[in-house]
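> Here it is: the structure, laid out below.
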């Protein structure tokens, strides 16, 4: 593919040049080619976007619930019509296999938008009787202008997960995509405008997180920030948001999630789940079950089943329908994952497979890392303690239920957890003791629109998706009505 035209900001219904004068490049990680030069938003651009959003939000909030719902449904239709086109762009920008982006990324994002478009008329207040002559009623009112800051692994899906409930509740959103994968968020802005969204209600500001992101989190005109990314960055976003104007925050941060296989489990099922929990999207999923706990007596058989399934991984041309494994998102990220792999070897974990870059003409110019499985791991190893965000599985053994629950919870993270067992009593008993916000029994990874997702501990604050997220983009106003004559003590 030839190099794309220089990408601008999207403010008030159209593309516009950044006043900062700064640019950055976005790279195709499959081959190292530059896809496009992208303009970076500066402080003045953030000010422009906020003013635009404030104007648009008033128009948007004044529409009826059904009017807003129809516009968002039109956007859903356009997204589905252009699924393949958007998936191709997402594959170029992220390196993910087209077999994945064409069936997951846009599809699941559009599902969430459709879900919230349908919920808009159901955003109701309540009426609370006090006595015969008095009652209270409540209203869910929009926050105003909110900011979304996305991660690089699911660019358009995250943009939709954040914008759908925000817009459904009557807010305007300024979205900053990751500078690593900024392209599809700009296309989403065009789609929203085409669907009839008033100018300014969804603005997109590409830029570097330490600059553009910081300007957004500090801006007094922003009422809430929804952030997806790493823990360290999340802490900075939260601190800036609180220090500037006590903004509300939603944080979807990192994870080091446990997958517990019990001795009564079907090991074929367990191996299938472990593969999806570690190598889907080349391991670049925040909920990955990278700590795989297996009973000691089942370890050898389980390892053989994993090795057999690794042979089914097909890396190569990301547009080949048979490819199910792509490069990592960038060369700096590849190098970081390789440092973790080297650390695992240094600390005594045994490499069952992988452990290096993929080699060959198809891979030499890209950010490719081989699917890697470590075994004979211990809880104190760096690869077991820290989030790697790559195709690296760690296998650990255990002896008892109480032991594995304790060890599974022995982490600062609490995003996800899963168990594989034939005993449903055990399944519920154990899941209720795991310190994680998203849990799966005999499955892994699905996050439908109806399901609230978010973490415990350092893995985040608040939730995305589900009814409660729509409500979190509103502020509740309570109004008391008195029908009798008011009595003053003065």
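The backbone N, Cα and C atoms fix where each Cβ goes, glycine too.
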> In Swiss-Prot, the K(+) 1 site includes 26, 27, 93. Which of 145, 146, 180 does it also list there?
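Site partner of 26, 27, 93 for K(+) 1, according to Swiss-Prot: 180.
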> Since Swiss-Prot lists 150, 151, 152, 176, 177, 178, 179, 230, 231, 232, 233, 286, 387 for NAD(+), which candidate among 125, 200, 254 does it give for that site as well?
254
> Let me know the largest Cα to Cα distance in Å among the NAD(+)-binding residues 150, 151, 152, 176, 177, 178, 179, 230, 231, 232, 233, 254, 286, 387, as an integer.
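Binding-site diameter by Cα atoms for NAD(+): 24 Å.
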> Roughly how many Å separate the Cα of residue 150 (NAD(+) binding site) from that of residue 246 (K(+) 2 binding site), to the nearest whole number?
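Between the alpha carbons of residue 150 (NAD(+) binding site) and residue 246 (K(+) 2 binding site) there are 21 Å.
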> If we check Cα distances from residue 460 (K(+) 2 binding site), which of the recorded positions 93, 180, 231, 233, 248 wins as closest?
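Checked the recorded positions 93, 180, 231, 233, 248; minimum Cα distance to residue 460 (K(+) 2 binding site) goes to 231.
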> By CA-CA distance, flag whichever of 27, 246, 464 among the recorded positions is nearest to residue 179 (NAD(+) binding site).
27
> Take the mean position of the Cβ atoms of 26, 27, 93, 180, the recorded K(+) 1 site. Which other residues of that chain put their Cβ within 8 Å of it?
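Checked against the 8 Å cutoff, the neighbours are 25, 28, 29, 35, 94, 152, 179, 181, 182, 183, 329, 330.
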> Which one of these binding-site residues, 180, 286, has the sparsest Cβ neighbourhood, judged by other Cβ atoms within 10 angstroms?
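Counting other Cβ atoms within 10 Å of each of the binding-site residues 180, 286, the minimum falls on 180.
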> Would you kindly give the Cα-Cα distance separating residue 180 (K(+) 1 binding site) and residue 233 (NAD(+) binding site), rounded to the nearest Å?
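The separation of the Cα atoms works out to 15 Å.
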> Reported as an integer number of Å, what is the Cα distance between residue 180 (K(+) 1 binding site) and residue 286 (NAD(+) binding site)?
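Each residue's Cα considered, residue 180 (K(+) 1 binding site) and residue 286 (NAD(+) binding site) end up 17 Å apart.
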